[in-house]
C-alpha cells in the first residue's frame, strides 16, 4: 500500500539508486517488474558477473596489439581473479550471504516482515532453474528485501556490496543453490555429513569450471587477431583440443583424454567425481532413503509413502497435471497478454531481456552475421556491445572512487582496483553462471538459453510445446535433430507468446544444436526443467495482499524448503558437466557413461546417448 512519506525517506532511496517509492512495493518473489526499480543495482550486478584482468608481467608482448573487441593485448591475465572466485567454492570458506545476515542480526533488530520476505525468496529459489538469469534475479531480489526492511529505518544498504566485491555472485549461488544454507535438515550428524559431501562435489565442479578456463588460457590461449583469429572464430567442433569463439576471446576446449584431472589443484575433485555414486546414494529418492537428510513437508512424505515413484516421475506428473488444468480453464499462460499487445505489459518480458543481455555475444548466444549479406551488425551484437560499454563505465566510475579513498588514506589501491585493472568485458558475464566458464563446443556454450528462458511461465509452456512438436513431427524414424529447425520455423503457429518476437529471435540466434542439446541430450537441462515447480514459482503467493502476507508468514514459521528433484540426480548432473569440460580417458569415460545412464533410467529420465552430449557439447 502506497502512502505519504517524509522527504528524508525519499532521499535515502534515491541515494542508493532506488526509484521513489520502490521499497514500498510488496515482495512477491521472482517479480520481473522489480528489475526496473534500480538501474544502478542492475549495472552493479552485471559488472559483478565479469572477471577482472590485470597486467601479466610474465607474458611476452604480442605482435598484434590489442584486439578490436578489447579482450586483451597479450599482457593481461584473468587467472588471478579466477582463482579468487574459485576459492569461494570451498567447504571451509564461510558463506558470504550467511555472513551478511549475521551482521544484520547483530546490528539491527530482527523484523518479522523481513523474515517473511526472505522465506519467500528461499522458497522460490528451490523451484527455479539453475542458470545465469536466476542467479542475477536472486541477487537483485536479495538486495531488494534487505534494503526494503533496513535502508529506510537504519540506513543499511546492499547496493554497492557486489560492485565493491564485499559480496560475490558465487556467494549467492552457494547460499541459495549449491548448498542451500537455509534448508532444514533432519537425521543428525550422519545426514549433515551426507549433505556436506554433496556440497563438496557440486562446489568442486563449479570451482573446476573457473580454473579450467584458467588452465586452458595459460596453456594454449592466444590473442585473437588477424587471419588466424578469424579462422578460430569459425573452427568446426569435433574431438580433441579446439578453439572456441567466446565473446571476442579465443579459449580452448578439451576432448576425451585431454584431461587436467591429474594436477594437484584438481586431484580432490577427480576423486570426488569417481565417488559420485557413493555421494548420491544417501540422498537419492529410492525406497527408505527418501526421507533421509533434507526435511520434507508432510504432504511430500505422505505422497512418497503412498506411491512408489521417483522424484522425476512425481515432477513430470505434476507438470502434466498443471498443463491439463490450464487446458480445462482455457488459461494458457500466453493468453494472459493479448496477441499484439506485448508492449503494453513490457515488465512481463524483462527476464527474457535480461537473458539476452547476459548471453549475447558469448558462445552460448553468438552474434551470427551472414557474410554474404554484407551486414556488419545484428541485434545480438548490439546487445553485447551495450553490455560491454555498461560494464566498463561502471568499473571506471567505482575504481575512481576506491582509488581516491585509498589515496586519502595513503594506501595503494587493492590489486583488482588499480589503474591497470579492467573488466574482461569481451568474455561476457560468465560469473553469473553456476558453472562459470566461457568455453564453447558444437554450437553450445556454458549457459543454456532454454534453461534461462524457462524462468518465465509463458516460455516454460512454449518450450514444452516446442519439444512436443519436434517429437511428433514425423511418424518415421527420422532424427530428432532434423525436427528442430522446422519446428522453430513454425514456432509462431503453435506458440502464441505475444512477446514482440523475443523468444523466436533468440531461438533462431542460438541455433538448432543448442535447442537439441537442451530438449534431448543434456542431463543438467533435463533436471533443470524438472526442478521448476510451477505452483511455487508462478502460483504463489496469492494475489490478495492479506492472503499473500499470511502465506509468507506461514513459510517463515514452518520453513520446509525442498526442491522437487533429489540431490542424487543433481550429483550425477554436476559430474556429467565436469567430464564435459574435460572428458576422461576412454576407459573411465565408458565406466561413467554406463553408470550414469543406468542411474537416469532408474529415475525414469531418458536422454540420448550421454557420450554424444559429453564429447560433442559443453
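Here the Cβ of each residue, glycine as well, is placed from N, Cα and C on the backbone.
Annotated in Swiss-Prot:
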- 95, 98, 175, 181: Zn(2+) 1 binding site (BINDING)
- 448, 451, 518, 525: Zn(2+) 2 binding site (BINDING)
- 95-181: region 'Zinc finger 1' (REGION)
- 448-525: region 'Zinc finger 2' (REGION)
When you measure from the Cβ of residue 525 (Zn(2+) 2 binding site), how many other Cβ atoms are you left with inside 10 Å?
23
Residue counts in helix (H, G, I), strand (E, B) and coil for the region 'Zinc finger 1' (95-181), per DSSP?
59 helix, 0 strand, 28 coil
At 10 angstroms around each C-beta, which of the binding-site residues 95, 448, 451 has the fewest other C-beta atoms nearby?
95
Separation of alpha carbons, residue 525 (Zn(2+) 2 binding site) and residue 95 (Zn(2+) 1 binding site) (Å):
26
I need the neighbours of the Zn(2+) 2 site defined by 448, 451, 518, 525. Which other residues of that chain put their C-beta within 8 angstroms of the C-beta centroid, in sequence order?
129, 131, 449, 450, 452, 514, 517, 522, 524, 528, 529
Cβ atoms near residue 518 (Zn(2+) 2 binding site) (within 10 Å, other residues, all chains):
26
To see if you understand the setup: which same-chain residues, six or more apart in sequence, place their Cβ under 8 Å from that of residue 181 (Zn(2+) 1 binding site)?
95, 97, 98, 174, 175
Would you list the other residues of this chain near Zn(2+) 1 - those whose C-beta lies within 8 angstroms of the C-beta centroid of 95, 98, 175, 181 - in sequence order?
94, 96, 97, 99, 101, 171, 174, 179, 182
Take the region 'Zinc finger 2' (448-525) and count its residues per DSSP category (helix H/G/I, strand E/B, coil), listing them in that order.
55 helix, 0 strand, 23 coil
Can you count the other CB atoms that lie within 10 A of the CB of residue 175 (Zn(2+) 1 binding site)?
23
Can you give the mean pLDDT for the region 'Zinc finger 1' (95-181), rounded to a whole number?
97
